Amino acid sequence: MYNSEHSSHLHSTKEQLWKKRTVVPSSTENEELSQLFRLHKNNKICTTKYTLLSFLPKNLFEQLHRLANVYFIFLATLNFVPVVEAFQPEIALAPIILVLSVTAVKDIWEDYRRFKSDHLINRLLCQVYSRAGRMCDVGDFVRLSCNEIIPADMLLLYSSDPRGVCYIETANLDGETNLKQRQVVPDLPLQGQEFTPESFHSRIECENPNNDLSRFRGYMEHSTGVRVGLHNNNLLLRSCTIRNTETVVGIVVYAGHETKAMMNNSGPRYKRSQLERRLNTDILWCVVLLIIMCMTAAIGHGLWLKNLKDPVFVADGETAPALAGFYVFWTMIIVLQVLIPISLYVSIEIVKLGQIYFIHNDLALYNEQLDSRIQCRALNITEDLGQIQYLFSDKTGTLTENKMVFCRCSIFGVEYPHEENARRLEVYEAEKTEAAGRSVTLKSGCSGKSLSCRSLSCNRSSVSLHTLTAESEDEEDHLSSHIEPRTSTFCSRMVVPDPELVRKLNWFCSPVLPLNEASSGTPSSLELTYITDFFLALAICNSVVVSSPSQPRHVVPETRSLKSLEEVKLMFQRFSFSPFSALSSPQIKGSPRSFTSRLFSRGKAASLTFSAPPNCTTDGSEQGLQSNLETSNHDLKDSETNRPQQDVEEDSHSDTDDELLYEAESPDEAALVHAARAYHCTLRGRSADALLVDLPGIGSLAVQLLHILPFDSNRKRMSVVVRHPLTGQVVVYTKGADSVIMDLSETPKGQKQREYKQTQKHLDSYAREGLRTLCIAKKVLEEEEYEVWLKRQLLAESSIENREELLLESAQRLETNLTLLGTTGIVDRLQEEVPETIEALQKAGIKVWVLTGDKQETAINIAYACKLLCPNDQLLTANCGSKDACAAFLEELKLEVQRDSGSGSSIAASFILVIDGQTLSWALQEELKSSFLELSRKCKAVICCRSTPLQKSQVVRLIQDQLGAMTLAVGDGANDVSMIQTADVGIGISGQEGMQAVMSSDFAISRFKHLRKLLLVHGHWCYFRLANMILYFIYKNVMYVNLLFWYQFFCGFSGSVMTNSWVLILFNLLFTSVPPLIYGVLDQDTPADTLMASPELYQATHTSKVYVPCMFWITVLDAFYQSLICFFVPYFALAGSDIGELSFGSPINASALLIILLHQVLESHVLTWIHALVLVLSGASYFGFVLLFSVSCVTCSPPTNPVGVEALHMSQPLFYIISCWLSYKTALSLKISNLIFTRITVLPEPLSEAITSPLFYTDFLFFYFKIWLITVRLFVVWLLIIF
C-alpha cells in the first residue's frame, strides 16, 4: 500500500518535473527529490557519435542513407547470384568496400577528435562543496575563482564583491570579449560573509532546459515563503570565464547536455548547393541511360537466342529467351555499373576542400589590422559564390566601420556643430588615405604616443576597444615616421569640444554671474539644466564597465556616496542657499545662490527638493568652492581656447583619469561616454547599485542606480532609473531611436515648442548628412508614482510565466511623457573601397539591396556615398500610412516605372526604391507581395529602412521563393543572423557587434571590400572548376561504359566483357580519378586580375551556361562519339585476326585511357608540374598494373587466362599504332577544332567590351598572351596527331 502510494506520488512529481525544474541542494535528505535528481543529466558531455561497439553498425547505417551506396551494395549482392553473375563476386565488392572504408576512416578520425575534446573538457577541475571530485551535478554548490571557466549553468549565490556582482567573458559562447555583469540573486542573507552550504535553505523553481541564451525565468522561494524573481542577469552560463572577481559561488541548475551552451551546439551547418541539386538530376538521367542500355542488351540477347540455329559453341538451350533476357538485364546492370559515378561525390568533397584551402590562404582576403583571415564555415557551397544574383546587405558595421565618433549634438534646440572636430576628422581621413597609398598599415587611428588618447594595455580587452587602440609600440613608431602626430592622435574616443558649448558650461562653473541672464549670449538657467542633464545622461545611461591598466574594475567606494552628499550640502551652504528660497523670497539676480536656485529648482525639468539637515554647519569659507569652480572653469576654458588650435592637450585630470578604459557593448555607447568625458562629465566607476560620475564645477558624485531597462529591438531604447545626486528625486534617463523618443516625449508648450521643432530640424539635418542619430530624454517621477511602478516591476521580474511581456509592459508604462533634452549625431565612417566594391558587383549583374534599421535619410546618404545611388538615379520613396494606401502607391509606382522604361525594357536602371519599415510590413503581406516584387525587379536597387530582423529574413525569403534567385546576405550584428541563415549564402563580418553573425554564417570576412574578390574571382573559379569537373566525370564514365556496350553487339548481348574484371573496376575508380581532382582545384579559366578588372565576366558565367541540361547532353554525345572511335578503330584494325577477347580489349583500354587523359589536358586552362606529374602517374599506374597482372595472375579473371597478354601486345608496334595514334587522333580531332575556334576566334562579349578600356589594356595583354600559349600547345598536339 505504501509502495503504491509512494510510486503514485513520485509519478506525479515526475510529471511536474517535465513542466518546470525544481532545484534544491544535492545534499538534501528529501528522498523524493533525491530520486528526481537522478533524472537530471550529469555534467559529463559526450559529443561523439560512436562507441567501440556501435561504430560499425551505426556508421554503416548512416552511410546507407546515401542512395549511391545502397545502389552499389545492391549490385555487389546481385553479383553473388549465379544466373546473373558478371564476374567474380569479390571483385564487385571492391569499389563499395573502398568507398565505405574511406568514409569510415574519415568519420572515425573526426569522432576521435571530438572524443579528445570531450575528454579534455570533462577533466577540467572545479571545486564542489558537497564532495571531492571533478564532476558537478544539478544541485551542487560550485566555487570558482578569477579566470576559471564556468563548468555548468549556475545561479549566482555569492560574490566576493561586496555589492554582489561578478563579471564574465562570453567569448567561448558567442565570441564577444566585452565583459558582462552578473548579479547575485537579491535578498540573499549571504553577502558580506563567507558562503557555507548549510546557510542555504531556499528552493529554486525555473524553466526546463532550453537554448535561449538571452532568457532565464524562474523564482527562488526562501524558507520564509518569500519569492524572489530570477532572470538572465543571475545566471552564469557554461563555457564563460570569470573575470575581475576573486571568488564566486553558485548552485548548478543545468548540467552537461542540458546547459544552454550545449543545447546551442548544433554542429556544422549543411546546405545543398544549386550545383549539387542539378547534379542529382543528371545522375537520374544516367540511371535512365543505364536502364535503356540494359533493356537493349536484354532484348537483343532474347532475340539472339531465339534466332540462334545450330550454334558451334555451347549455348543454354533450356532457358527461355525471355527469361534469359531478364537475366542479362541484371547482368548488364552489374557490368555497366560504372555509368553511375560512385566516386564523383567523394571527389566533389575533396575538390571543395582544396578550393577552401586556397580561399582561406588568399592574402588579399587577409586583414592585417585584426590579424584575421576569411573563415569558410560551410564546406559544401563554394560554387554558389559564383552564382549570386541578389545581395542583401546591412548598413551599420557592414558598409560602414561601426567605429563611432561623436560629431555634433543639439541641446535645448541649439545645435553645436563641433566644427573643429569635423575638420580634424577630414584631415585624418585624408592622411590615412595618403598613408595607405604609401603602403603603411594603419592599425588604428589612435596613436599610443598621444597624451590624450593613450594605448590600452589590458590583459584582456574588448572587441570595441580593439578598434580604438590596437597597435604595439613598434607599430606606433613605424606609423609616427609616416604620419604627423596631430592627426594620428584622432580616434573614435577623441572629441574636440565645441567652443560655444564650453562657454555655456563655463557660465555654470563661474562664481561671477552676469546681472541679467537674459542678456546677449548668456544662457538661461533652464538651458544650463538641459545641458547638465544631457551630459549626465550620456555618462550614466549605458552598461559601460570602467577599468584601467592598474585596476581591473572601477567601482563606487562604500563611503563615497555619503562623502559626495556632504560635499554637495557644503556647496549649497557656501552659496548661503535654502532649497525653498527660490519659491519664498526674491533674490538678487547676480548672486550665485540665486543662479543655483534657479538652476536646480525647475519643477519637472530639474526639481530640487534636497534639504540640508539641521545639524549642518555653515561655517567655512567660500574660498574652497571658489577655488574648485575656478579650477573647473580654467579646465573648460583651456579646452575652449587650446583644443581647436592645436593638438588636444592632456586633460587636467590625473594620470589615472587619462587611462580610464571604457568597455561598452556597442560602439555607440563608447562614443557617447567619451563625448561626455570631453566636457568633464566623466564616468569613473560602476557598481551594481551606484555610479561614480564627475560633474563640472561639482566634482565626483555617487549616483544611486535603481534600475536598468536594457535596450531591446522592440522598444528601440534603453533607460536608467536613478536617484538624482543633487535633487534626491527619482529620475528616468532614456536614450534611443529618434522615431521612438520623439513620439514618447510630452507635447511641448510655450517656449519649449520652438526648441522641440528646432531639435526635429537638427535630426533631419543629421540624417541627411548620414549621421547616426539618438535622442536623449528624461522624466522626473514623484515618489508615489515610482512606488506604484516599482511594485509592478518587481512583480514582472519575479514572474516565471510571461516574464518578458510583463517587463516590456512595465518599461513602456514608465517611458512616457518624456522631456526631450537633445539629440546626438554620430559619424560612422564608410569602410574603405565600399563604393568600388558595390560598383563592381552591380557591373557583375548582382542586385544590391540595403536592409537597415536606420532612418531613411541616413540610409539614402550612405547609399549615395557608397555609389549605390548615382546622381542621375530617380528615387521612388514609399512611406505609406495604411495598407490600402500602400497598395495604391505601389501600383502608381509600377505605372511610373513602366512609362519611363518603355514596354520593351525589363530593367529600369535609373530607379531606386526606398521603403520604410511600416510600408514594408504591408508590402510583404500576401495581397501586396506580388506588386512589391514586380516593382522591385524593375529597380536598380532597393533600400529598406527601419526594418526589423524578421523583415530582413522575409525579404530574402521572398526573392528566393518567388524568383528562384541565388541570394547572399551579409551582416555583422545579431540582428542580421536571421537574414544570414535564410539566404543561400550567408556572410558574417567580424566587426564591433560581437561574433553572432560570424558564428551563424557560411563565410566570415573582416571587411566588405573582400566580397569583391570572394565573388568575382573565387566564386567564378569555384563554379567554373566544379561544373567542368562534373561534366568531365560524366564524360569519362559514359565513354568507358559505351566501350562495353558496343562489345555486346559482337557477343550476343551476353554480358561478356573484353577486359579483365579488375581493370574494369579500377579504370574509373583509380586510374582516371586523380586528374579531375587537380583540375577542380587548380584550373583558372581567366586570371584573377582580369576578373577583378572586368566584373562583367561574372555575369557571363550565368549567360554562358557552363552547367545546364544542354551541356550534359552535349557531353554525353561527345562521349558516345569518342567511344565509337575508340572501339571501332581497333576493331577494324584487328579484323580477320585470331586474337582473343583480352587481346582485343588491351588496345581499346590503352587508347581509352590516353584519350581520357588528353581530353583533360585540352580542357585545362592552366598546366603546371603538378598536372604533368599526375598525368604521368595515372598512365604509369595503369600500364604498371596490367603488366604486373599479366605476369603474375593465372586465375585472376576466370574463365579467361590473362597471363602474358599485355606483355605480348606491348611488345608489338601495332599496339602503339592503334592506341597512340589512330584512336586518339580521330577521337580528339573534333575536340581540338572546337577548342581552337572557341578559345581563339570567339572572345567572350565582356572581354570584347573591356578591351576598349585603357584600364583593361594590361590585363587583356596578359590574357591574350595566355591564349597564344594555348594556341601553341594545341598546334603542337595537332602536329603530334598528324605525324
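Along the chain as shown, residues are numbered 1 onward.
Any Cβ shown, glycine's included, is placed from N, Cα and C.
Record features, source TrEMBL:
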type	residues	note
ACT_SITE	Asp394	active site, 4-aspartylphosphate intermediate
BINDING	Asp394, Lys395, Thr396, Glu669, Phe711, Lys735, Arg772, Thr852, Gly853, Asp854, Arg946, Lys952, Asn975, Asp976	ATP binding site
BINDING	Asp394, Thr396, Asp972, Asp976	Mg(2+) binding site
COMPBIAS	611-631	compositional bias 'Polar residues'
COMPBIAS	632-641	compositional bias 'Basic and acidic residues'
COMPBIAS	647-659	compositional bias 'Acidic residues'
DOMAIN	39-91	domain 'P-type ATPase N-terminal'
DOMAIN	998-1231	domain 'P-type ATPase C-terminal'
TRANSMEM	283-304	transmembrane segment
TRANSMEM	324-346	transmembrane segment
TRANSMEM	1047-1071	transmembrane segment
TRANSMEM	1106-1132	transmembrane segment
TRANSMEM	1144-1162	transmembrane segment
TRANSMEM	1169-1191	transmembrane segment
TRANSMEM	1261-1282	transmembrane segment
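For Asp976 (Mg(2+) binding site), the recorded positions whose C-alpha atoms fall inside a 10 Å radius of its own C-alpha are Asp394, out of Asp394, Phe711, Arg946. Counted within 10 Å of its Cβ, the other Cβ atoms near Thr396 (ATP binding site) come to 28, all protein chains included. Put simply, of 324-346, 1047-1071, 1106-1132, 1169-1191, the stretch with the most CB pairs closer than 8 A to the transmembrane segment (283-304) is 324-346. Taking the Cβ of Asp394 (active site, 4-aspartylphosphate intermediate) as reference, residues of its chain lying under 8 Å away and at least six apart in sequence are, in sequence order, Val850, Leu851, Thr852, Lys952, Val970, Gly971, Asp972, Gly973, Asn975, Asp976, Met979. Ranking 1047-1071, 1106-1132, 1169-1191 by CB pairs under 8 A with the transmembrane segment (324-346) puts 1047-1071 at the top. Within the domain 'P-type ATPase N-terminal' (39-91), the DSSP-based counts of helix, strand and coil residues read 27 helix, 0 strand, 26 coil. In the predicted structure, the domain 'P-type ATPase N-terminal' (39-91) carries a mean pLDDT of 82.
In sequence order, Ser739, Gly853, Asp854, Lys855, Gln856, Asp916, Gly917, Gln918 constitute the residues six or more apart from Arg946 (ATP binding site) in its chain with CB-CB distances below 8 Å.
Neighbour density for Asp972 (Mg(2+) binding site): within 10 A of its CB lie 33 other CB atoms from the protein chains shown.
Here Phe711 (ATP binding site) comes close to Arg717, Met718, Gly736: these same-chain residues lie at least six apart in sequence, with C-beta atoms under 8 angstroms from its C-beta. Other Cβ atoms within 10 Å of the Cβ of Arg772 (ATP binding site), summed over all protein chains shown, number 24. Around the Cβ of Asn975 (ATP binding site), a 10 Å sphere holds 22 further Cβ atoms from the protein chains shown. Asp976 (Mg(2+) binding site): 31 other CB atoms within 10 A of its CB, across all protein chains.
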